[in-house]
Amino acid sequence: MPWMPSPYTSIAGGPLSQYKKLSKFRLTSLVVITTMGGYALAPAAFDLATFAMCSLGTGLVSAAANSINQYHEVPFDSQMSRTKNRVLVTGQITPLKAIGFAVVSATTGLSMLYFGVNGLTAALGAGNLFLYTSIYTPMKRMSIVNTWVGSIVGAIPPLMGWAGCAGSLDAGAMILAGILYAWQFPHFNALSWNLRPDYSRAGYRMMAVTNPGLCRRTALRYAFVIGGLSMLAPIADVTNYWFALETLPLNAYFCYLAYKFYQKSDSGSSRKLFRFSLIHLPALMLLFLANKKHWYFNDDAETNEETVKSDKSLISALPKSTPSGLEKVLPVAVTEGTR
């Protein structure tokens, strides 16, 4: 599709500002925050070095993915009011520099995750990079299924944090990822509702454009899914039962706004749902952390206490004197009668 670079007249900002825009710094920051949340919530010891490597590595991989995404979408971004001033569209950064930035960021980030954290975290990062750039990005112009694929992309960073801390994934990791996955539907569907003209003009197949009814229903359904997963967290022994009680009003109001969006489907209801979603997720993560059931120092204390008890039992079971004769050979007591 033919396109022309948008005129760029602003003189503010230098190369650092341009590469921040190329990496979608705010979106990357959100990805890093959810990764940090996954690390903090994992039931394992907190290690500052691993935490830093996991966070920075994930941020670099996210920056690479966003750079490749913008490289592929330049002709379409130029047709949308929201994206027509992006650095590649306006010619502030050349396509070659964007690809070079992506290669360096991805290589550095994945190396940090593999050598500084563990193989599982690096594999999740590499898989997410491929999923975002090679499946989600082209699918946006092919099918509304792209929203479900994009939600998987958003749910993987907390898994990376969890795997970076614990070295494995368990029920708690799945619940956390499920909440992140479900949250993206009311968040993005509300955002996309007022951007329908832009998406339609650029040829993006979003629910808000091709199936507005499904867009509203999906936002409402997944708002209730978040409430259900929050109730499941204490049952799965991830949080205490206060978590279910404390998140109830937060999730109830989120569901209420999703219902108003489903019912009215106007710009006002979509904006309210979108804006509250930006508050809802960090509040939910903080409550998750505040009500985390297993803290590594508690587990260590219990383990140490059990070890001491078992050591005392072992010591008390040992013979008080050195055995002699057949007692050294036979595993049973030898009496005078058997001799």
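Residue positions begin at 1 at the first shown residue.
Note that Cβ sites are derived from N, Cα and C of the backbone, with glycine treated the same way.
Per TrEMBL, transmembrane segment is recorded for 25-42, 112-132, 144-163, 175-193, 214-235, 273-290.
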In the same chain, who gets a Cβ under 8 Å from the transmembrane segment (25-42) while lying at least 6 residues past its ends? 51, 54-55, 58-59, 62-63, 66, 154, 157-162, 164-166, 172-173, 176, 180, 282, 285, 288-289, 292
When each of 144-163, 175-193, 214-235, 273-290 is checked against the transmembrane segment (112-132) for Cβ pairs under 8 Å, which one has the most? 144-163
Among 144-163, 175-193, 214-235, stretch most in contact with the transmembrane segment (273-290) (C-beta, under 8 angstroms): 175-193
